[in-house]
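A.B. asks: Sharing a structure, written as structure tokens. Questions coming.
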Amino acid sequence: MKINGGFDVAGGIENCMWLSSSSTSSALRRQHFLIRTLCASSTPQTSHNQMERVHCASISIPEADAEGVIRNITPVLDRTRHKGQAGRIAVIGGCREYTGAPYFTAISALKIGADLSHVFCTKDAATVIKSYSPELIVHPILEESYSVREDERETVSSYILAEVRKWLERFDCIVVGPGLGRDPFLLNCASDIMRHARQLSIPIVIDADGLYLVTKNIDLVRGNSLAVLTPNVMEYKRLLEKVLNCDVNNDNQSEQLRLLSQKIGGVTILQKGKEDLISDAKTVTKVSTFGSPRRCGGQGDILSGSVAVFTSWARRYVMSGIPSSETSLNPLILGCVAGSVLLRKAALRAFLSKKRATLTTDIMEFLGQSLEEISPAE
């Protein structure tokens, strides 16, 4: 069996064992662990005939060793590091109506351990978001239709992209969608930013109104192996209707999710629900750690910020690991797994403390403690 089309589960680990005898580095040992982790959580490939026989029968989805992933991709804190090495994250979103969502995403990234967190929003949203926290770097450069004359739109759109481009290369991951709204001009600007980020090979986490944008124009992410979609129940339903022209099949969730990812060209999808299901068209895994029964708004914003940080850490970890072309670990899968379990643990801690009064701001306060419990800083 192969993971991500490139690593043979049956023989790959054994074939890589010669490396452990010639190197005792911690990165090497952690890489071996991650290979075993994903081997354990890989979905067995099933032939078309087998799928026909299974038909609508329920298929078991393997559980990811999420805490093990966190322990291995979370960077060590030491005195040799400088500002920025633990991650630079940017959020594209924030308009007149929605200022909380981009704040939740950006501040969550910092609370998990990113060094810098930026928000690119409209002028109306900027002052409000800045007032929430001095920790965020806020760029009031986006515009909505009401503030731009028809004959100025092309010029203004070019200016916005040029301003964002000055920063893009500095970011390890961007999040598109929290608080973005559905203004046509603003969505067009977000589309231009996504295209340019793709050209620069910057990972993109797409949530909320970003998913609305993508559902309207699948080509924005089609074939982008560095894109993560994080749909909730209704957003996932719309994606299925758009891409596969079908309804949700609860009897065969893993195969339907894998097929959806495949049809969009191998993008990573984190399907949020009672259990979070994650697929990149080659493997399917889940995170079912119990979270909070309190479903207050804003938890998805925390998740998108968490996935962005862990994805940036996972990319650095994978790229600095075993020098072998045989091993193919998808850092976006690792980022989704880590982000999912951390949010669930923080949400549970918050609920045990606040019960029905639990808010998203309460959950954010437990992100650091939950991470420390899994991967101590010292």
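Using the three backbone atoms N, Cα and C, a Cβ is placed for every residue, glycine included.
When I checked TrEMBL for this same protein, it listed these features:
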- 66-374: domain 'YjeF C-terminal' (DOMAIN)
- Gly179, Asn232, Val233, Met234, Glu235, Tyr236, Lys237, Arg238, Asp301: (6S)-NADPHX binding site (BINDING)
- 272-276, 291-300: ATP binding site (BINDING)
A.B. asks: Taking the Cα atoms as reference points, how far is Gly300 (ATP binding site) from Gly179 ((6S)-NADPHX binding site) in Å?
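C.D. replies: Between the Cα atoms of Gly300 (ATP binding site) and Gly179 ((6S)-NADPHX binding site), the distance comes to 12 Å.
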A.B. asks: Out of Lys272, Asp276, Ser292, Arg294, Cys296, point to the one nearest Gly179 ((6S)-NADPHX binding site) in space (Cα versus Cα); all of them are binding-site residues in the record.
C.D. replies: Cys296
A.B. asks: Far apart in sequence but close in space: which same-chain residues, 6 or more away, have a Cβ under 8 Å from Asp276 (ATP binding site)?
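C.D. replies: Sequence-distant Cβ neighbours: Leu270, Lys286, Val287, Ser288, Cys336, Ser340.
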A.B. asks: Hey, which of the binding-site residues Glu235, Asp301 is the loneliest by Cβ count within 10 Å?
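C.D. replies: It is Glu235 that, of the binding-site residues Glu235, Asp301, has the fewest other Cβ atoms within 10 Å.
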A.B. asks: Sequence gap of 6 or more, C-beta under 8 Å: which same-chain residues meet both conditions with respect to Lys237 ((6S)-NADPHX binding site)?
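C.D. replies: When sequence neighbours closer than 6 are ignored, Lys237 ((6S)-NADPHX binding site) has Asp247, Val248 within Cβ distance under 8 Å.
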A.B. asks: So how many other Cβ atoms are close to Gly179 ((6S)-NADPHX binding site), meaning within 10 Å of its Cβ?
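C.D. replies: There are 27 of them.
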A.B. asks: So of all those binding-site residues, Val233, Glu235, Asp301, which one's Cα sits nearest to Lys274 (ATP binding site)?
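C.D. replies: Ranked by Cα distance from Lys274 (ATP binding site), first place goes to Val233.
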A.B. asks: On a count of neighbouring CB atoms within 10 A, which of the binding-site residues Ser292, Arg294 is highest?
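C.D. replies: Answer by Cβ density within 10 Å: Ser292.
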A.B. asks: Among the binding-site residues listed here, Gly298, Gly300, whose Cβ has the fewest other Cβ atoms inside 10 Å?
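C.D. replies: Among the binding-site residues Gly298, Gly300, the sparsest Cβ neighbourhood within 10 Å belongs to Gly298.
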A.B. asks: When neighbour density is defined as the number of other C-beta atoms within 10 angstroms of a residue's C-beta, which of the binding-site residues Lys272, Lys274 has the lowest density?
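C.D. replies: The binding-site residues Lys272, Lys274 were compared, and Lys274 has the fewest Cβ atoms within 10 Å.
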A.B. asks: If you pair up every Cα among Gly179, Asn232, Val233, Met234, Glu235, Tyr236, Lys237, Arg238, Asp301, the residues annotated as binding (6S)-NADPHX, what's the maximum separation in angstrom, rounded to an integer?
C.D. replies: 21
A.B. asks: Using a 10 Å radius around its CB, how many other CB atoms surround Cys296 (ATP binding site)?
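C.D. replies: Cys296 (ATP binding site) is surrounded by 17 other Cβ atoms within 10 Å.
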